[in-house]
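Per TrEMBL, active site, nucleophile is recorded for Cys511. The S-adenosyl-L-methionine binding site annotation in TrEMBL covers Cys297, Ala298, Ala299, Pro300, Gly301, Gly302, Lys303, Asp321, Asp348, Asp460. Summarising the annotation, TrEMBL assigns domain 'SAM-dependent MTase RsmB/NOP-type' to 199-591.
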Amino acid sequence: MDPSERYCYNPVLRWNPEVEDYFIKAYGPHHFSRISKALTRPSCYSCIRVNTLNTTSDAVIEKLQGIIQNSGFQNGVDGINLNKTERNDSLNDSNIKVEAGKSEHGMNALKGSFENGTISKCQIPGLEYVVFVKGSGPHTIDYDYAPERPPKEVIVSRKCAEAVLRGAQVFVPGVMACSAHVEKGELVAVSVAVEQPVVDGGWATGITRGTVLQGLQTDPHYFERSGLYIGQGITMMSRAGIFRVLQGIAVDMNNRIFNLPSFHDVLEGEIFLQNLPSIVAAHALDPQKGERILDMCAAPGGKTTAIAILMRDEGEVVAVDRSHNKVQNIQKLAAEMGLKCIKTYKLDALKAVCRRNESNGMSAPCSDKINSCTNIQNSDSLRLHEEVSSATVEGLDADMTCKEKVSNEKGNDRTYISKADIRKNMRRMRNGPGRNQCLGSRVEPSKGFSPNSFDRVLLDAPCSALGLRPRLFAGEETVNSLRSHGKYQRRMFDQAVQLVRPSGVIVYSTCTINPGENEALVRYALDTYKYLSLATQNPRIGGPGLVGCCEFPDGYVEEWLRPGEEELVQRFDPSSPLDTIGFFIAKFSVGSKEV
C-alpha cells in the first residue's frame with residue numbers, strides 16, 4: 001500500500017444500507033455523496049456568541065487577538081493560522097452559488113464576515129453579536145514512514161477522534177491501542193478505530209483496550225486504519241501509564257489535520273461557543289422583553305441563554321430537561337453569564353402539560369407542594385444532623401444517639417421515621433449534603449405547566465443528530481429508529497402546541513439531515529393543527545426545505561412540504577458554502593384555538 005494513501009485522512013462515512021437508499025431518494029446520489037463527505041470534516045471556522053449584557057463584540061475580538069498573540073496559538077499549538085488557511089474555503093469563493101434567492105443577502109453578509117482576517121464580526125444584520133474565528137485544513141502531515149521503521153502510533157476511539165478533530169487533546173479514556181515501547185515524550189501518529197461490519201449484521205471495532213501495535217500488515221485492523229490518521233502528537237505518559245491511570249492527557253496533539261481554536265476556559269461569562277444555526281434558531285424565536293418563554297429541551301443551555309440575552313434579561317425564560325445533572329449545567333451556565341430571568345426545572349418534555357386535576361390554575365409550574373415537602377424534609381434533616389453532631393462531640397455512639405433522638409421526636413411529634421430514613425441521614429452526615437441539597441444548586445422538579453401559559457415555545461427536539469460534524473460513523477441508525485425519532489418528536493410537539501397561547505410562536509429545530517424528523521414534522525403539524533401556519537424567519541441564511549414525499553419498500557409514505565412552503569423553513573446543508581452542521585428550523589404562528 002502506498003504510504004500516502006494509508007497515512008492520510010480520507011474517511012468514508014458508513015450508513016445502514018436502507019438508510020442510505022432513503023437519503024439518496026431524498027437528496028439524489030451526488031448531493032448525498034457531498035453531504036456524507038462534509039459530515040466527516042469539521043467546519044472551517046468556530047462560531048462564538050458574545051454575551052452582550054456583559055461586553056461587546058469589538059471588546060471580545062480585541063481580547064481574543066491578545067490571547068492568540070500571548071499564548072502562541074498561531075504556532076499551531078491550538079490550531080489557528082493567523083495569515084493563511086490551507087483549506088479551499090468556499091466562503092471566500094467569488095463564485096458562491098446561493099441555495100435560495102431569499103437568503104442571498106444573508107449569504108453575502110456571511111461571506112463578507114470572513115474577509116476581515118482570522119477573527120471577525122458577523123456582518124449579517126441582527127447577528128453582529130456573533131464572532132467568527134477561522135481555522136485551517138485539511139493539512140498534509142509527514143508521519144516519517146519507512147518500510148523497515150513504521151511510525152509508532154496510538155489508536156483512539158471514534159468519539160475521541162471526533163473531539164480531537166474539533167480541537168481537543170487525546171485523553172486517557174479515549175485511547176484504545178498503542179505501539180509497544182512508547183515512552184513519555186515520544187512522537188506518535190494518531191489514528192481512529194471506526195466500527196466495521198461484523199458477521200451477525202451489526203457493527204463493532206473489534207479492538208480490545210490495551211492492544212499492542214507493531215505497525216505491520218500482520219497487525220489486526222491494519223488495513224481498516226487506512227485514511228483514518230488525524231495527526232501527530234507528543235505522548236504525555238508512557239504506554240504503561242496510559243493504560244494504568246484513569247484520567248489525564250495521553251497525547252498532546254501538536255500537528256493536526258484540522259487546526260481549530262480551543263476556547264476551553266477562555267473569557268467565561270463573556271462568550272459561548274455555539275454553532276451558527278443554533279444561534280439563528282434562538283433569533284428566529286424573536287423573544288421580546290417581558291414575555292414568558294419555554295425552552296422544552298434546554299440542555300446544555302446554549303439556546304436558553306441566547307434567548308435570555310435577546311430579551312435583555314427582562315421577562316421569564318423557563319428551561320426544562322429531564323436530567324438532573326443537565327439542569328444543573330444550565331444553572332451553572334446562566335450564573336456564569338449573570339442571567340437572572342432563567343428558571344430551571346427537572347421535567348420530561350413529554351409531560352410538560354399539567355394534568356387537569358393537578359393544575360393549580362396558575363401559569364407557574366405545578367410544583368409548589370413538592371417544593372414545600374422538600375423544604376420540610378431538608379429542615380428535618382438539618383435538625384437531625386445538628387443533634388447527632390453534638391452527641392458525637394460528647395463521645396457518644398452516633399448511631400445509638402440518632403436512634404434515641406428519633407425515638408424522642410416520635411414520642412413528641414407523633415411522627416414515624418423509618419430505619420431507612422435513619423440510615424439515609426447517617427450517610428448524609430458522613431458524606432456531606434450531596435448535590436441535591438447544596439446551596440444554590442438544588443434542582444426543582446415540576447409536574448408541568450398550565451395550557452396556554454407561554455408566549456413563545458422553543459422545541460429543539462432530541463433527534464438522530466445526523467447533522468453533527470465531524471462524524472465518522474452513522475451505521476447505528478436504521479429506518480425504524482429514524483421513524484421512532486419522528487414519533488417521539490410529534491409527541492413533544494403536541495405538548496408544545498398546548499402550552500403556547502393563541503397568537504404565540506413555536507420554533508421547532510433539530511440537528512439532523514433526516515427529512516422524517518424535519519419536513520415530515522412540519523407536515524404533521526400543519527395537517528393536525530389547522531390554527532398553525534408557517535411564519536417567516538429572520539435572519540434567513542439557510543436553504544429551502546424538501547418538497548414532496550418518499551415511499552418506503554413496506555408501503556409507508558412519508559409526506560414532506562408542499563410547493564410554496566419550502567421557502568418558509570431553513571435547512572442548513574453541511575455540504576453548502578455556509579459550512580455549518582446539518583440543521584433544520586421551522587417557525588409556526590399560532591392562531592385562535594377556538595376552531
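The backbone N, Cα and C atoms fix where each Cβ goes, and this holds for glycine too.
What TrEMBL says about a protein is an automatic prediction, not a curated fact.
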Long-range Cβ environment of Gly301 (S-adenosyl-L-methionine binding site), under 8 Å and at least 6 residues apart: Ala319, Asn329, Ile330, Leu333, Ala334
Rounded distance in angstrom between the Cα atoms of Cys511 (active site, nucleophile) and Lys303 (S-adenosyl-L-methionine binding site): 13
Fewest-neighbour residue among recorded positions, criterion Cβ within 10 Å, set Cys297, Ala299, Cys511: Cys297
Residues Cys297, Ala298, Ala299, Pro300, Gly301, Gly302, Lys303, Asp321, Asp348, Asp460 [recorded S-adenosyl-L-methionine binders]: greatest CA to CA distance in Å: 19
Binding-site residues listed as Lys303, Asp348, least Cβ neighbours within 10 Å: Asp348
